[in-house]
Amino acid sequence: YIVTIRVKPDHSGVVTDGVKHSMNPFCEIAVEEAVKLKEKKFIKEVVAVSCGPTQVTETIRTALAMGCDRGIHVEVSGKDYEAMGPLQIAKIFAALAKKEEASLVILGKQAIDDDCNQTGQMTAALLDWPQGTFASEVTIDGEKVKVVREIDGGLETIKISMPAVLTADLRLNTPRYATLPNIMKAKKKKIANMKPADLGVDMVSRVEVLRVDEPPTRLAGVKVETVDDLVAKLKANGTI
Amino acid sequence: KWAVMCLLLRSGFHLMVVLLELPEMHQMMRQTCRDYADRELGPIAGKLDKEHLFPAQQVRELGAMGVMAVEVPEALGGAGMDYLAYSLAVEEISRGCGSTGCVVSVNNSLYIGPILKFGTQKQKEQWITPFTTGEKVGCFALSEPGNGSDAGAASTLARQEGEEWVLNGTKAWITNSWDASATVIFATTDKSLKHKGISAFLVPMPHPGLSLGKKEDKLGIRATSTANLILEDCRIPLGNMLGSRGSGFKIAMQTLDSGRIGIASQALGIAQAALDCAADYAHKRTAFGAPIGKLQAVQFKLADMAVAVESARLLTWKAAMLKDAKKPFTKEAAMAKLAASEAATFCGHQSIQVLGGMGYVTDMPAERHYRDARITEIYEGTSEIQRLVIAGQLLKEYAS
């Protein structure tokens, strides 16, 4: 994921044209968990969903090659895509979860481009479903899910009823590499196409990005001899 | 953009249709191999090289992905894909680690290849299926101390004794030898018939009467083992002959034809890795007040490297696609191997030059790419043999 990110000259965002896009790593972990649950026979079918322009189908195919059964591509492009944020995506996911009668919605805890960490939580709220976020361990027990969550203070274990929303954290699992035979099989799996309007979702954003800037260049540091000097300098520049 | 050329032959009139992108499945396959190479091979390639370690765990993982038996039908445990997919896989794996790419290529093309083409169903089940998972790898024993390019002069002998073949002789330069569980080996069954008297055999390893010489200490691809195979009254059942009696030379030549595409792919991976290293360095290293990528001398080198790799890659893909279309591909495979191996040595050399002193030390991978590249001009047909093959085919075309 080492890419040189450049801010657009008009400061409206970052340059995404010509930048190789791939599945968000936390979502890879989510896909892996879903496929594992299917392999353990806790769930019957895994549907991979992605919202965005045409290129997004490549990512869905990768999910199919990892073991998902079918895909849904919700087409969002142009200005709608640029303005699309967690709330719009959450609305789409909520609508699809109801339509597909899903028992679980599993996603990455956050996307590594915007680091929002909101979509999972919003989806659960819109559905009025319980949520198990930052999951580092998921165990299905009948109609309930035991989730071990990574939180600032350590690990928290909760038990929630299905249907539920889970978001995957780093240590939940190690995603498999798509095997060549599975890539072959993925070719035959179906990807359905739809638009947000088909799900009754309005894509208007309530958030307007005013400006995007690069972080300030890091300045050289100053070396001090003693702890007292350090405290004095920190006091002098108003840090403490 | 990846250009794919689809060659349609119509009564001696060639039509080339240029498509803009590789088929989606091939792109996905290439990506999964690239991801694996970046994450699992790149970080350990230096160590494997330095300590001459066979990447057993990685080979098992690649086996689980289907990479150790790309062309083998699913019914036999393989991935059931085509030769273009195989070429892409070997290139990406080699880009991460040249040695691992070699192991993949030898197992696929040189060991499984001939058995898939010339073996009976029973032989395929016995000698291919266990070698698809990465748990076992095979090797190919044609060269001898007395003959490399002169393959028709096989002095290893096989005589029939009752229900057994008894093999005697020495094979040299056998890649994977110390790590292999079986070999396809060539021996003379009828000396008077010269090269038409050579037959191919399947021998398990280890096996009574078959011993290994010392591991060669090589310049490059050091994570692979290379050694002599010594046969002293090595007895195998009659059913272990591969193909018909006397067809050994034909089997070897046809196997090497396909193997050349594999080695071309390995060379491409090494060349690309060398180019990546140089281009990255050109961005970061500053001299004369700017990144050295601003200097024309460096730019010309990078451009020449890129052209060498891309043109060799297109030749390699063409050869692979001709093979997949069941059209003759001997000339194209030889051209691909020649172009790719010379591109690899060229890129390895120039990459060190771009890096300057840093290219000469083991802190950077440039020196390893330089060393790994060198073998690609030698094995599976030296560059000189490739030229003879190409010229032979060309002259045939002009003769009519």
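The backbone N, Cα and C atoms fix where each Cβ goes, and this holds for glycine too.
Source: prediction; values computed, not measured.
Features as listed in TrEMBL:
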- B:24-135: domain 'Acyl-CoA dehydrogenase/oxidase N-terminal' (DOMAIN)
- B:139-234: domain 'Acyl-CoA oxidase/dehydrogenase middle' (DOMAIN)
- B:246-394: domain 'Acyl-CoA dehydrogenase/oxidase C-terminal' (DOMAIN)
- B:1-20: signal peptide (SIGNAL)
Helix, strand and coil totals (DSSP H, G, I; E, B; other) for the domain 'Acyl-CoA dehydrogenase/oxidase N-terminal' (B:24-135): 88 helix, 0 strand, 24 coil
Counts of helix, strand and coil residues, the domain 'Acyl-CoA dehydrogenase/oxidase C-terminal' (B:246-394), according to DSSP: 123 helix, 4 strand, 22 coil
Integer mean pLDDT for the domain 'Acyl-CoA oxidase/dehydrogenase middle' (B:139-234): 95
